[in-house]
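Only one structure is covered here, and it is reproduced in the block below.
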């Protein structure tokens, strides 16, 4: 949790848990304080004239006298928690990752069930995704229909990606498997030259399509989409699929209306086989929401961060309160 002014506070993930042994010292101090109070009470009872004692003793509630000491012990406990080094989950922008944006440009993308058409909506949402993706991520772009073409190799230059998105052209047929294999090759190539760690950079494929694979017709073919998805899983590259459109989509081909309903099932299967997630969108607003969700997943990583500062600040405040109450109640600091 995070408290205003104090910052993140956690009671888990302690890096120096042996500091909790200091609690025994705090308990020892508390026991010593109790013993001192008992001894003090006994000394007071030695006065023969109790009426005289009551007349000269400060007229303050006895129970309030112990508040400063209690606050002091509480401050020591808070300092103990801080020294034990609690941690919490912190989301930070990735500065070493590869994302391949793979977009279907087959003729079915002419369908106007999504205004103004599927392609134009895809371009607008993809450009927004590219613009909002964290700067350190290398983003590449592949367009595919009957063949797959790397339009932009993975780069942090978002202008190149947006410019290429504006120039997408329609083409015949749909080779989803080839597009995935092409993306994997691009990821492997850039992963070999990106430094910053012993392991290859984390990678993700974002596959955008609206229809079934037509080359080959069997997705389990050696060059099919399912085979490519299994290969992606073996290489540790999950595929996030976005199926875009409605079941009412159609295009005009040679003067005839050809239905092009969105194919959610194939995309879900590709995501499942690769270890990724599947999404579907039927409007531009839904598509932008999907991309926003992906941006949060892809653009950030969760690490363990220090959460001791909040406990330290709280301990200082309680310690200051102990000193203040000691001066107000007992007219001296607690002993």
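Just so it is clear, glycine is given a Cβ too, placed from its N, Cα and C backbone atoms.
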Swiss-Prot annotation (transmembrane segment) - matching range among 67-87, 88-108: 67-87
133-153, 154-174 - the one Swiss-Prot records as transmembrane segment: 133-153
Residues flagged as transmembrane segment in Swiss-Prot, choosing from 288-308, 309-329: 309-329
Cβ contacts under 8 Å made by the transmembrane segment (133-153) with residues that lie 6+ beyond its boundaries: 93-107, 160-161, 164-165, 167-176, 178-179, 181-183, 186-187, 189-190, 194, 201, 215, 295, 298-300
Per-residue pLDDT averaged over the domain 'VWFA' (98-294), given as an integer: 93
